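As structure tokens, the structure follows; a few thoughts come after it.
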Amino acid sequence: MTSSSKSRKSKSSKASKAAKEAPVSASRPLSKTPPPFRNQVIDKRALKQLVAWSYKNHGTAVTSSMADNLKDLGFKYATQAAVSISVDDLKVPEAKKDLLGQAEEQITATEERYRLGEITEVERHTKVIDTWTETNERLVDAVKKNFDENAPLNSVWMMANSGARGNMSQVRQLVGMRGLMANPQGEIIDLPIRTNFREGLTVTEYVISSYGARKGLVDTALRTADSGYLTRRLVDVAQDVIVREDDCGTTRHIVVDAEDGKFGSRLVGRLTAAQVVNADGEVLAERDTEIDPPLSKSFEAAGVKAVSVRSPLTCEANRSVCRKCYGWALAHNELVDLGEAVGIIAAQSIGEPGTQLTMRTFHTGGVSTAETGVVRSKVAGTVEFGSKARVRPYRTPHGVNAQQAEVDFNLTIKPSGKGKAQKIEITNGSLLFVDNGAEIDADVTVAQIAAGAVKKSVEKATKDVICDLAGQVRYEEAIQPREVTDRQGNITLKAQRLGRMWVLSGDVYNLPPNAQPVVGSETQVTEGQVLAEASQRSEYGGEVRLRDSIGDSREVQIVTTAMTLKDFKLLEESTHSGEIWNLEAKDGTRYRLNTIPGSKIGSGEVIAELADDRFRTGTGGLVKFAPGLAIKKARSAKNGYEVNKGGTLLWIPQETHEINKDISLLMITDGQWIEAGTEVVKDIFSQTAGIVTVTQKNDILREIIVRSGEFHLCTDAKALERFEGDGQMVNPGEDIAKGLSVDTMKYVQTVETPEGKGLLLRPVEEYTIPNVAQLPELSHVKQANGPHLGIKATQRLAFKDNELIKSVEGVELLKTQLLLETFDTTPQMTVDVEKAPDKRAKTISRLRLVILESILVRRDTMSDSSHGSTHTELQVEDGVSVKAGDVVATTQILCKQAGLAQLPEATEADPVRRMIVERPEDTTTLSTSGKPVVSVGQRIVDGDALAEGETASCCGEIEAVSGNSVTLRLGRPYMVSPDSVLHVRDGNLVQRGDGLALLVFERQKTGDIVQGLPRIEELLEARRPRESTILCKKPGTVEIKQGEDDESLAVNVIESDDAIGEYPILLGRNIMVSDGQQVTAGELLTDGPINPHELLECYFEDLRSRKPLMEAAQEAIANLQHRLVTEVQNVYKSQGVSIDDKHIEVIVRQMTSKVRVEDAGDTTLLPGELIELRQVEDTNQAMAITGGAPAEFTPVLLGITKASLNTDSFISAASFQETTRVLTEAAIEGKSDWLRGLKENVIIGRLIPAGTGFSGFEEELQKEAGPHPDILSEDPAGYRRMQNLRPDYTVDMPPAASASAVLDDPSDADLEATRTRHNIDPSASNFAAFTRPDADNELKEEQVVDAEAVEGLQEEGLLSDE
């Protein structure tokens, strides 16, 4: 030990000498006192302090060597002491047994209260969880105490206690108990793990424990991703915040208040914005003083309540932050340097701890009582509430009836004997467990004091109450159920008051849908007796077919309608593609079947198509309708056009080859006459003779058309003109041209050929189409009422008038189809296609279409718990005919156990679906020694009085009292809380496991979105919460009004001008203000999350009515900024992470820097434009000078993503998100990017304007300043940090950059010499006149040329004659 401390001393003395010799820096010197001698156990915290002290006073080198020595020291002694960990070091405290025993007792008592219906399921759950949580806490204390007293040098304890490894929660799991676990949904399982890892877990505990472990792993994985993305967004929003100025000179500031008289580290590293004075007016610090820890402590000592400090939030530097507003760079506790990228540092500081924040905590269900103080009575006596006392009944989360104070008052306990009265201060919201005037003993819990009027934000949650036994439901009077209709018209039943719902035991039978009970209510039944009977009937009647049964049911099919096509034989034909079925008529016409036997078809579908070659063409061609032929107008021509009226169809054949090949492959010329079989294009041959037309585009052959017919060269211009274009039909015997007539119908067209113009007479084919298609003969079987079938034949033309069919192969012009028609069917009904043998000739098959009604009949079940045993009988045989409404099968439900049958009341809307049999074991008879004090119909629970001095041992409803015996029908009570949704009505029958009610309860919003990463994200993204709190818009006095329907409340705020602001409060919202309270704008009227946008609006609207626009905007923004910074800090603090305010302020500044222009006034701004507040301010100042109308605007809050996308730099925005949108908009608006931030410069590939690259940036700024050398004579700002630099950096001071070179670049000495020789007055002459104005320099000032100077320079040969 001695040697190392010596070496450390010598080193530190050297370092301090060195420090003394070094020049003292400009900032306040830190304390140079030697470290105080620490006579204590050095644990993690003390080590941290030691290292920090050394770093501050002696720099890095000394500190690192000291840390090294400390490490060696630690290892040396750890080795000698042999600190290791073994199983024997895990000592389980003796107290564990007792603690667990007490917890078990409490829980048993709670379970008993639940069984007796004194508390609801929710209250039971809450109590169990709170009991275990408390036991766990007490066990941790026992563990600490055990180690501290019995084994202070135990390795495990030393590690956890010194902070070297592990923490108390881990030690708790090793030697205390593992505690409660959450299931994957985040609800806590109310079965805790009672053992620890030393004792070992049971199998069940191990499985439950692995839930929690998995949750931890998944959470960590998600958290890293989320936190990384948060950091990326933060960096993007703040990357262009760089310290660019020394002092912006602002007078604006923020105020830091002392918390409990202490500032902690919140002032350290800031600069004061005004003098700080103590109560006597003595100045403690001037403006712009850096506050270091001693100064902060002296403020506390002087009792300063609040200090005004400069902050990045109020800095007026343009698009950056100045050194004095930012304060210390926390890395080395000195004023921040110019060119420091403080935005990036802020983003990393906030993003990095993100991984330490929990994603979501567990839903504890219920609120643990840690934050409230329990007060017990010190004396026995009488309780007296003060005169101002106002209380209301309240039921605690554990189901204890108490009272809640509505105002602050004093409670006194007057002692019954001698002694001093005990006074207790009761605050608003505290719970009282005693009544006014009650006599109490000493050490009784009197009250639970709430920590201030903290109304926590709560959320609605629900829990189902599941029935544990089958039986009949009975409500207690107290419940007072009422029907509530929601917007959709659904009716729900809700409990109005706290009360019990009973389930009286019995055997409940579920009846099938159409079953009728065959026994009356209140009749005795025996085992095996039929209780109810269900019958299944045929709807339409018909012929019965029994199918083979499948599974536990069998199908009865009834043929309702059948139709046979008796003229057609059904033939099967095999082809390579599968089976084809044909229908053949007597005359040999064939129809091809579109379906196969055994399949189903619907109405309007095609059954078969006529296979007819009469309407098949040889090639493609042109369709023309002769007059008289008409088709139905159809929406889609997919299936062709239905023929309305028969007639003649004319067909002009032509052959079309679709080619799409290069023109070089063409082997004929356009307009040429060719014979059949000519090769027109390589490997493509014409099938007919005729005239060729070639279509080509861009040297690609598209089509070749061959039009057949007779070709006549013609010179008659009139005739040629007549048949130009599409051509015309010519009837037989008509003259076409001189000496040319036709004897059959022709289609004539004018064509051009290599030989010259002529007429082409094309043949026309005629097809006759009948008016109607012939229908086959049918035989039909159908019922008197019910569905029936029909067949309809239709003719469909594939093409319409004047349609050109481009094809080489032939096409079918007309299709004749048979369609199925159905009448009076239901949508679910389908038609079955069957193959049926002919009645007379068995070898011939016919096509039959049938409609079947299918009835599923259940098989017998022996005894299924809820249906009893059933017995099913079929009442029909295969092949018989039944009428509509005949019974096909009957099912009987048999009684399982003898007893008394009871039926619930049936209504039209609600037929009997269940019945109950009260068995002997559902009742019990209790005998009493005295006369019973109970009456029939009364419901009692364990412990209620039966007779004098005798209590009941079970729960139920009294059915009979005779002499000294009481007959009780067993039952079970369930407590339901007000506003619960009741799933069953009074008298309903329930099976075990049915839901009885849905309890609606409030639980504290779990620390969840209220904490951790999701909350940080919600704040920084400025998200609008789903159901936000109601905010007060104008200041005033609160008045709470009841709504018209006694349900809703309204808060009225009487404002200063006697106007009344009305705020209706929705159901389920808690009001956070009380009658007569004074409220300010932006104050919360109800609980719930705050919408930050709405808050900003409230602040701004209120301030706008009293202050000028600019001030109102600045103040509203400042209020919101303060709120945001506090909220973000709260989340981090709750998780034990400390971040300096200034980092959050830098980010919040970026979020609140813009305003939205509402009315542009006379400025060039656009309404709706988002623009920096500073820009608007400058614009409006300019307007004020010129007398124009200023722009009106409202401040806006942008989330970090929005803010990143709305930066001035489009390069930065595009590299973040929505690249295309950002770039397109920037291009359309013609934006310029000034490359001010880091990202833009990195993307373009320039030096970044921070750190060492900052000076270059400064020079560019100076270039913008134009040709004024006097600006350059000051030392460039980037090097003002010279004196603050650490000794191990050296920087060469560069020469001041000149604006732009004089033409022949004379040196300063030359110029000076010239001046002296020519007696030029240096003050009058302007040498800058000889500098060329930069091309991009807009300051091309009018500069007077000094003639004398020019002459002198020319004589010296320093200036060319030009």
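Here the Cβ of each residue, glycine as well, is placed from N, Cα and C on the backbone.
Copied over from Swiss-Prot:
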type	residues	note
COMPBIAS	1-14	compositional bias 'Basic residues'
REGION	1-39	region 'Disordered'
COMPBIAS	15-27	compositional bias 'Low complexity'
BINDING	C248, C315, C322, C325	Zn(2+) binding site
REGION	1316-1336	region 'Disordered'
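In three-state terms derived from DSSP, C248 (Zn(2+) binding site) belongs to neither a helical nor a strand segment and is classed as coil. Cβ environment of C248 (Zn(2+) binding site): C315, E316, A317, C322, K324, C325 lie under 8 Å away, each six or more residues apart in the same chain. Each of the binding-site residues C315, C322, C325 was scored by other CB atoms within 10 A of its CB, and the lowest score goes to C322. C322 (Zn(2+) binding site) falls within a strand when secondary structure is assigned with DSSP. DSSP assigns C315 (Zn(2+) binding site) to coil in the three-state reduction, outside any helix or strand. For the Zn(2+) site, the Cβ centre of C248, C315, C322, C325 serves as reference, and the other residues of the chain with Cβ at most 8 Å from it are E245, D247, T250, R310, P312, T314, E316, A317, V321, R323, K324, Y326.
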